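Now, the feature entries from TrEMBL:
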- 8-259: domain 'G-protein coupled receptors family 1 profile' (DOMAIN)
- 28-53: transmembrane segment (TRANSMEM)
- 65-87: transmembrane segment (TRANSMEM)
- 107-130: transmembrane segment (TRANSMEM)
- 163-189: transmembrane segment (TRANSMEM)
- 209-228: transmembrane segment (TRANSMEM)
- 240-261: transmembrane segment (TRANSMEM)
Amino acid sequence: MYLVALLGNCTILFVIKTTSILHEPQYIFLSMLAATDVGLSLSTLPTVLKFFLLNHREIEFHSCLAQMFFIHTFSSMESAILLAMAFDRFVAICDPLHYTVVLTPPRIIGIGLIAVFRGVLLMVPLPILLKRLPFCKGVILSHCYCYHPDVMKLACGSVRVNIVYGLSLVLCCFAIDSIFIVISYILILKTVLGVTSGDGQLKALNTCVSHIFTVFIFYVPLIVLALIHRFGTFTSPLLHVTMANLFLFLTPVLNPLVYSLKTKQIRLAMHKILKSKANFM
């Protein structure tokens with residue numbers, strides 16, 4: 001699974017970088033998504049490999065906090081990039097004449113930097129707030145990686161501040177991003193339904209299918225996992241593990257597969273690169 005995620009996302013990055021016709025806002029945002037998925041996969045790689053290959057079931061406290069920070073930072077970045085991709089589709093479909101004017105290279109870079117800085121700045125307090133708490137010896141995590149709600153439950157002291165800040169992050173990052181994504185697609189759907197041609201409607205919606213699927217596989221496990229940690233005191237441990245693995249591992253694996261299979265330009269670019277390599281050999 002790790003190999004598929006890393007190889008797939010690195011392939012997407014390589015194809016977009018080496019193909020000049022893909023140097024457009026839609027594919028630049030896709031490359032940002034792929035880079036984020038690589039970072040998310042690498043943030044859990046050491047722990048998961050030790051857990052499954054070496055049967056090493058312990059993690060040092062500070063290493064756990066560092067891993068938790070990177071997991072939540074990259075998750076926040078991915079949410080922001082999914083919002084940027086929704087905005088890209090909104091402009092392309094609802095205001096195509098101003099597409100190149102609105103999404104200029106400096107603005108695209110600015111959006112990417114905002115996603116990075118927002119993730120870093122909002123997630124820095126998480127390990128700081130946890131580090132001040134006392135932890136009992138021999139505590140056991142529910143997952144094979146360090147996830148903030150899971151680590152927080154293992155503290156021996158009061159975690160009220162941590163809970164409030166965690167809920168604030170959910171609202172400020174993921175809730176707001178998802179709301180604006182939904183609004184974007186409501187406006188897109190309204191514009192598409194106003195097109196008289198059935199072929200035109202189908203073509204417009206077809207450009208959004210990959211992104212809608214990506215949003216679905218990112219937010220659904222995230223929402224379910226958050227609800228389990230908040231209200232699922234008596235839920236099965238198997239459900240905890242399943243949703244945690246889906247949240248962290250499903251998106252990086254499926255994103256490159258979905259976009260390489262569904263996006264014609266990427267398929268053609270990959271075929272061209274493979275054909276040139278074969279001719280060279």
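Glycine too: its Cβ is placed from the backbone N, Cα and C atoms.
Curation plays no part in TrEMBL annotations; they are all automatic predictions.
Contact check: the transmembrane segment (28-53) against the transmembrane segment (240-261) gives at least three Cβ pairs closer than 8 Å, residues 6 or more apart, which meets the contact criterion. Note on the domain 'G-protein coupled receptors family 1 profile' (8-259): its mean pLDDT in the predicted model is 86. When Cβ-Cβ distances below 8 Å are used as the criterion, the transmembrane segment (209-228) is approached by residues 33, 75, 78-79, 82, 85-86, 89, 147, 149, 170, 174, 178, 181, 185, 235, 239-240, 243-244, 246-247, 250-251, 254-255, 258-259, 262-263 of the same chain, each at least six residues removed from its ends.
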